[in-house]
Every structure is written in structure tokens, then in C-alpha cells.
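Everything on this sheet refers to the single structure shown next.
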Amino acid sequence: MTSLPGRGVSPSSSDPLCEGNAAPSSSSSSGQDLKQLKNSILSCVFSSPFSIFEAHQDSSANRSLKPHSGSYAWSRFLRRIACTGSMWRFLGASKALTSSDVWFLGKCYKLSSEELSNSSDCESGNAAFLEDFSSRIWITYRKGFDAISDSKYTSDVNWGCMVRSSQMLVAQALIFHHLGRSWRKPSQKPYSPEYIGILHMFGDSEACAFSIHNLLQAGKSYGLAAGSWVGPYAMCRAWQTLVCTNREHHEAVDGNGNFPMALYVVSGDEDGERGGAPVVCIDVAAQLCCDFNKNQSTWSPILLLVPLVLGLDKLNPRYIPLLKETLTFPQSLGILGGKPGTSTYIAGVQDDRALYLDPHEVQLAVDIAADNLEAGTSSYHCSTVRDLALDLIDPSLAIGFYCRDKDDFDDFCSRASELVDKANGAPLFTVVQSVQPSKQMYNEESSSGDGMDSINVEGLDGSGETGEEEWQIL
């Protein structure tokens, strides 16, 4: 994806760090100049709300100035400190960005240094947000891996962004499941076996459970192929097929040969491309968990993928507040979406801007062995936060949620139902207890249906893989 331009910056600004200037002009060599320079630098760092977003400089702002020697030495010293490591990401030209709350995968962060909330749902501090962001698994274009299937493709550059975005979302689900939402990437080795094992699953070879190779193979019937771009609905179905295949063949995924949670793909119609509000059916989710637990009545963790079509050529503005609110759910796994033709992994929101991890960076393929706790993992993490106007998101997208247990799922359903009440007749998705038997379509191995909830689900489908069965409501 192309870089976003800088916003709200005057090229005539005199601040040496925020504008990228080396130092002020040498027209005055007095000590007052040095004092003003120090105050300006410190003001840039401390007085305004930190900017945690990637700053893009206008070339016109980089003027060639001849500094006073003392001032220049001081500015270089502070610049070296401030622009080394992650600290530089709090500086930059994006002063137009507000100090509003950031919601990131169900957590709220206060970016303002003033009026800190007493709410237990909010965490204060830019550093805390950046640590959370940089701990998320970042999966990008890779090159130099073994050819995909019978093709000659050894790289997914320019076509694999939807696959990579979906891998990021599922990777977060596995992190939340095995390590918890509060997990942060350790600063020292050896790493935990769970963390390394998750990264191994997303390696770029057929030996890795959730590799691009295996996803394309699983999604063949939905149009997935090396060299071709794919939409979010087909991507969700490819995951459904791959998880089912892994379970049937007892491939090593979580140590027991299974994906460690049930998977429920919910969509609004048969092909997922004509729109219609998806229906999350509680009885279907319960059946999926039962099948996952080999017909035991206990509830299992469950991953919900909800592909949506929220407009024709552009996102219908009425859905924007609803999309933003899904990112406040504790169960949130983010959104597969981005500008048309350029998928990203949207994991947060501030005001009218989506915050995302970008898969469009090309990196060499790496092989992380499942038992190598000293492996280098830096290529799977990114501390550059990118943002995108919400109204520029492609209307075809998918939302993910992870529910750890029955109470967590009930909480999700409660929040989703409240969201329906705010939708003014156009919800993202709805929640029902059961579905009408006459509206269900089963495959040849399917069993009979459940009772009908009061809501009319004609023309909608809620499908999820139930062991060897697939549920569809048409």
C-alpha cells in the first residue's frame, strides 16, 4: 500500500525536530538562540500529545540551513536520543492527530497527558499502546520460499495481501488463546514454546499448518490461486476448509493435532458477495463447540469470522460507527480490510482513522523451527502504526472475534445485540437463538434443524463448519 501523506502540517513550521530541519538559521549566534532551540525541542517532545503514527515529511519542509555550531551540536545530541529506537515514533509532523482515545483490539488507551480517565477499561500512556501494537504478529509479503504447489511462484508480492492479513488475524486469535490478551513480546530470549510454535505455524512452506501454500490449496474451490487476489469471503471459507482438513488428518497444530478452537464462519447469503446482514445463531455456535469437543456438552473456545459487504463502490457511511464499536469489544480480533485492492489488518481506531498493520512490505522468507526458542522473530513484529480514513475502506471486509468460553460468548452476544439496537435498521450482523428448519440447507451428511427464533432470516445464511457438516441458512 502506498504511504499516506502527512496531514495538518505547515511547511513553514520552525520546529527543528517536528519539521525535520537540522537546526535554526545561523543569522544569530547568541546564547538566546541556543536557549530557544532547547525550549523548542523540549516543547516538541513534551508539551503536545504524542504522535504515535508514521509521519510523512513534505520534501519542501527540508530546507538547507547553516546552523550555529553550538546549537547544532545540541540538536544533534537530542536528535540522536529521540530518534533512536521506538522513541522517534512519538515525534513527527502529524500534529493534526488528536489526543482522543485509541481503541485497539478491545483495549482503550489514553494518549493525552491530561484528564486521565479513572475507568478501569482504559490504560494511560503512549508507551503502553506502542508495546501492545508492536507485540501483535505482523505477517507480510515474503520472497524466496518454495514454489507454491505446481506454480512457479516463490513470492506473494503484489497479490498475497489478503492472505497475509487473514494470517495476522488468526495469529492474534492463537496468541489470545495460548498466551492471553495481556501478553507482550518478551525483550529477552529464550521465548516461550507457545509463541515460537505459533510463528512456526505461519511459516512459508507446506510443512507449516497455516502457510500461504496450504491456505491456497484449501481455498481452491473458492477461487484462491497463486498470483490472484482474493476477497474476504473466500478467504474466510479457505480458513474453514483448512481447519477442517487439519482436524481430520490430525496434523500437528496445537500439540494435539487440532486447531485449538471451534471456527464459525457467518455470512449473509450463499456466495457472500451480495450483502445482507449475517445472523450469528447461538444454537449453531453451541453445536460447533459440541462437535469440537467430540460431542461433549462443554463449551469450547470459538473463533467467529464475519464477512460483510457494506456498500457498492464505497463503504456506506452509516456503518462506520458500528465498525468502530466492534473494535471496542473485548473479543475483537480486528478487521480484514483496506483500500480497494489492498488488504490490511485493521486492529484499532482513533476518531475517524483506522489503525492497521500493513502486509505490503517485502521480506525474505524465514524458517522458524517449532522447538527453536532462540529464533530471531523481529520480522514478525512492527512498531510503525499506520492509519487510514475509515470512509476509504473497501466495503467488502471481514470482522473477527475470539470467545474463550461460554461466558465470553454470552458477553459478545449481548454487546452485538446492543449494537443492533444502535443500527437504525441496518445492522452489521444480528444474533438469534435458533433458526427456522425450513430455511436451512444441509449437505448430504447433515442432521435435522432447530426451532425458529422470532426474527425473519429468509435470504440470510449463517454457516459454520461442524466437524464434517456445514450449516447454511438461505
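We count from 1, first residue shown onward.
Note: Cβ is positioned from N, Cα and C throughout, glycine not excepted.
Summarising the annotation, Swiss-Prot assigns region 'Disordered' to 1-32, 439-474. What Swiss-Prot records for C161 is active site, nucleophile, and it gives similarity to another entry as the kind of evidence. The feature active site is assigned by Swiss-Prot to D358, H360. As annotated by Swiss-Prot, compositional bias 'Polar residues' applies to 439-449.
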Cβ neighbour count (within 10 Å, all chains shown) around C161 (active site, nucleophile): 25
Between D358 (active site) and the residue listed as 'active site, nucleophile', the C-alpha gap once rounded to whole angstrom: 9
C161 (active site, nucleophile) and H360 (active site), Cα-Cα, nearest whole angstrom: 7
Site with most surrounding Cβ atoms, counting all protein chains shown within 10 Å, from the active-site residues D358, H360: D358
